[in-house]
Structure formats: C-alpha cells, structure tokens
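> The following block contains the structure, expressed as structure tokens.
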Amino acid sequence: MTYKITSLAGDGIGPEIMTSGLQVLEAVAKKYNHTFEIESHPFGGAGIDVAQDPIPSSTLKACRDADAILLGAIGGPKWDNAPKRPEDGLLALRKALGLFANIRPIQVPSSITHLSPLKKEIVENTDFVVVRELTGGLYFGEPKYWDNEAAVDSLTYTRAEIERIIEKAFEIAATRNKKVTSVDKANVLASSKLWRKIADEVASRHPDITLEHLYVDAAAMLMIQRPTTFDVIVTENLFGDILSDEASVITGSLGMLPSASHAENGPSLYEPIHGSAPDIANQNIANPMSMISSVSMMLRQSFSLFEEADAIDAATARTMQAGFLTADLGGNTSTTDFTNEVLKQIEGGE
C-alpha cells in the first residue's frame, strides 16, 4: 500500500532530525514492503525565508492532501522581529486542519530512570498520556486585547469542543489501563464547571473506564509526587500546555518524546515536543529519538502499522541499551551515529 506523507523539516535542528526520521521510514518501507511517498515543503522560519509566510499556500495544500504530516521543529531568534513569526504557521496549520487533540505519551522505562530529575522509585515505569484540547480556551477566545492600562483574554468552550476531546481520551484509555483523569479548575472557572459536567456524561457511556477529577494545581503536584498513578490525563488548552511540558521533564530529556495532533477527519500531525534548538543546529549532536518516535507514532495511529511501529520502538530501545546516547542523555553519540545504529537494529531485528 502507498502512504502519502508531507514532511515539514522546519528550522534549527529540524532538518537534521527529519533526515533521521525519513531514513528510518525508508528502512521500514524496505523491510516490510511499503511505499511512502514523501513531499518536503518549507514551514515556519523556512517558509518566511522563501515566501514571506510561515505556511506558504503550497505547503498548506500539501498538508491537506497528505495521509499524515511529519514536522521537525520551528522557530529561532532570526525571525523574532519578522511581521509573521514561525509559530504563527503552526497555529494556522492546526486551525486549517481542525487539529483539536494533542496526544503526548510520557514513558520512563527502567533503563533511563537515572536521567530523570526525580528519584528512581518515583518515576520507574511511569507510563501515561496527556490529551490536550487544542482549538478552544484562552488562546483563541474573543475578545482579546491589551493596552498600557488593561488587558483582556477570553476563556470560552462549547459543549461540542469539550465532548469530543473527552471522548478522545476515553477512546485512548480503552486501549490502555482504562482510567481517565480529567483536569479542570471547577471550583473557580465557569468553563471548568461545564467541562466537569460533560466529563461525567461521557463517563456514563463508558462504564468499563474509571473517571477521576482533579483540580489543575493538584494534578501538577501529583504528577511529580506519584506519576505512575496516571493513565490518561485530559484537559483544556492552557492547562494542557503547562501540564504536558511539566510531564515532559519527568523523563530527563525533551529529546526522546513524540506527540500527535488529530482532527476529526483528515491528516494528523506528528512532531517532537522539543523546540528548534538553534544553538546546536548543524553540529550533528541533536537527539533524533523524538523524531524517530514520531514516525513510529504515525505508523501506529494513522496507518495501523503496529508491527512496523513496534520494530522502530524496539530498535531505539536496543540502541540506547547498547550505550548509544546523545549529549542530552549524558553521552557523546552523534545524530548520524545514533540514527545509523537504529537503522542497523531495524534491519537486523526480529
């Protein structure tokens, strides 16, 4: 079968790690007899450089026409004073494709507990997913303005927006340990009161899945104290932005974690959670694991190629266990050497 993928390498270390991800995809295609048609397009700062737009029209069309989208990283000080910033392109892409659900898996296998800033006994075997609503809340609410005397942001959520993200969380929980933690601030916010009510309604349709409610401050605390108690966390845009970044540092490095953004219909977007790291760009020292894991996530969630995704995950695990660690993990393995070992493991793996 042929799968059509749009590649958005972006800025900073994005092109380097995208090269790694596409090499892994090529190895999978060869081993399992698949065809992946890859179209590469400028995005973010690269889009500004070639078209004065972080998401050129040709890039957006390619994304709409794809079966899935891979994104490297965007941004950098070069575009700080540009009329349009690279990050504007990502917001526009999310809106254009209707990407409403961001999925961020957080895993700390026993082999990497020493990298975590938390004690081994706290983080060992941590395995949960943060499901963040992407299209509503304070980031998109109107009216929105500020001047020297006052500023206004608007927090608005509709029933439909809340219900679909909570249903997505329950859908994911059904494939895991059947527990959903809904995070809100229902003791203060009107939107959270509606959020909690709808969460209860959705839970009533899934009697085999446990629902618990936590205020966002309590959730932030428990994520550090007892991260292994979570299975699937679902929350609104602002809370999800903060909590997912907090969760990410539990592993010890942002360089290992992928994420996915899903629409109700159409292509999904897969990307590392880290930034463009312009300070280490073009030095062959960036950790490509999060990009490689994003490829695995794409194969699993967009194409249902579970065996192929498992092969990538096993290959990256064996690579790390063999001592191939990049600088962010305390080693000195280069981007290309890490990637080459993963390719070797895929080709020679079971």
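One-based numbering along the chain as shown.
Glycine is no exception: its Cβ is also placed from the backbone N, Cα and C atoms.
Residues or ranges marked as NAD(+) binding site by Swiss-Prot on the basis of sequence analysis: 76-87, 275-287. If you look up Swiss-Prot, you'll see Arg94, Arg104, Arg132, Asp217 marked as substrate binding site. Residues or ranges marked as Mg(2+) binding site by Swiss-Prot on the basis of sequence analysis: Asp217, Asp241, Asp245. According to Swiss-Prot, the site 'Important for catalysis' annotation covers Tyr139, Lys185.
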> Compute the C-alpha separation of Gln283 (NAD(+) binding site) from Asp245 (Mg(2+) binding site), stating it in Å without decimals.
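Rounded to a whole number, the Cα-Cα distance is 26 Å.
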> Compute the centroid of the Cβ atoms of Asp217, Asp241, Asp245, then list the same-chain residues not in that set whose Cβ lies within 8 Å of it, in sequence order, for the Mg(2+) site.
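What remains near the Cβ centre is Val216, Ala220, Leu238, Phe239, Gly240, Ile242, Leu243, Ser244, Glu246.
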> If one measures from the C-alpha of Tyr139 (site 'Important for catalysis') to the C-alpha of Asp241 (Mg(2+) binding site), what distance in angstrom results, rounded to a whole number?
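Just about 10 Å between their Cα atoms.
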> Tally every other Cβ atom lying within 10 Å of the Cβ atom of Asp217 (substrate binding site).
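Around Asp217 (substrate binding site), other Cβ atoms within 10 Å: 12.
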> Quiz question: given the binding-site residues Gly76, Gly275, which has the greatest number of C-beta atoms lying within 10 angstroms of its own C-beta?
Gly76
> Please work out which residue of Asp80, Asp245, Asp279 has the most C-beta neighbours within 10 angstroms of its C-beta, and give that one of the binding-site residues.
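The residue with the densest Cβ neighbourhood is Asp245.
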> Just the number: how many Å between the Cα atoms of Arg132 (substrate binding site) and Asp279 (NAD(+) binding site)?
29
> Under 8 Å between C-beta atoms and at least six apart in sequence, can you list the same-chain neighbours of Lys185 (site 'Important for catalysis'), or say none if there are none?
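Listed in sequence order, they are Ser192, Tyr215, Val216, Asp217, Phe239.
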> Any idea what DSSP makes of Arg132 (substrate binding site), helix, strand or coil?
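Its secondary structure by DSSP: strand.
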> Below 8 Å Cβ to Cβ and six or more residues apart, same chain only. Which residues does that give for Asp241 (Mg(2+) binding site)?
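Expected: Arg132.
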